[in-house]
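Notes to accompany the following structure.
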Amino acid sequence: MKLYIVRHGQTWFNVIGRIQGWCDSPLTEKGREQAKKLRLFFDTVSLSAGYYSGSERAGDTLELILHDRNIPIHKDKRFKEVFFGDYEAEYTKTIFPDGVVKPEVFYEHGGENRHDAAQRFLSACKEISKKETGDVLIVSHGSIIRQFLEENSEEFRQLAATKNLTKALVPNCSVSIVEIENENIDVIQLPTVYQ
């Protein structure tokens, strides 16, 4: 089974540089257009279901991609973004004035442990692989996708060591593809933008 893992489209907080974990902001017009363009890619992909994190930005992205496809859609909170604690909705430049984001700082200020977040994401993927009969689209978030890929792909881990910013590693509306069989994970495509 293939899991097509998509980061939501561009949001208002993405544009103005605010940290966006469990807090939410709407898609921008560009974010809506990104999702609509991605629909062309998914028109050629057979899907048995769509999943999203429950956030407005992920749900809207999923709806725009699927458009009028008649497949089951499920909300699963395990696909939520990493919780950034005290720094939710803060400006990134205020917290990291040198531009170097240090994820451990979030955990030190009440945020979620990144490994724990990746494990909840993985548990949802494994459950889906047992439940669904065909390939699945999952719309989630940049930091959680990044952490999941870092823990499951040596190639991505090496790439992440050279780039600090999640938006460079997992762009809005990028598609990562994971094959999952008997709970074994194989990342077969790193985040790719089809625009």
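Cβ atoms are placed via backbone N, Cα and C, with glycine included.
Here the structure is a predicted model, which means the values were calculated and not measured.
The substrate binding site annotation in TrEMBL covers Arg7, His8, Gly9, Gln10, Thr11, Trp12, Phe13, Asn14, Arg57. Taken from TrEMBL, the feature active site, tele-phosphohistidine intermediate applies to His8. Taken from TrEMBL, the feature active site, proton donor/acceptor covers Glu81.
TrEMBL feature annotations superimposed on the structure.
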residue : record                             : DSSP class
Arg7    : substrate binding site             : strand
Phe13   : substrate binding site             : helix
Arg57   : substrate binding site             : helix
Glu81   : active site, proton donor/acceptor : coil
If you measure between the CA atoms of Glu81 (active site, proton donor/acceptor) and Phe13 (substrate binding site) and round to the nearest Å, you get 14
An 8 Å radius from the center of the Arg7, His8, Gly9, Gln10, Thr11, Trp12, Phe13, Asn14, Arg57 Cβ atoms defines the neighbourhood of the substrate site; name the other residues of that chain inside it, in order. Gln20, Ser25, Leu27, Thr28, Gly31, Asn172
Could you measure between Arg57 (substrate binding site) and His8 (active site, tele-phosphohistidine intermediate) for me? Cα positions, answer in whole angstrom. 6
Give the sequence-ordered list of residues that share a chain with His8 (active site, tele-phosphohistidine intermediate), lie 6 or more positions from it, and have CB atoms under 8 Å from its CB. Leu27, Gly31, Ser55, Arg57, Ala58, Asp60, Thr61, Val139, Ser140, His141, Asn172, Cys173
To see if you understand the setup: which same-chain residues, six or more apart in sequence, place their Cβ under 8 Å from that of Gly9 (substrate binding site)? Leu27, Thr28, Lys30, Gly31, Arg32, Glu33, Gln34, Ala35, Arg57, Asp60, Thr61, Leu64, Asn172, Cys173
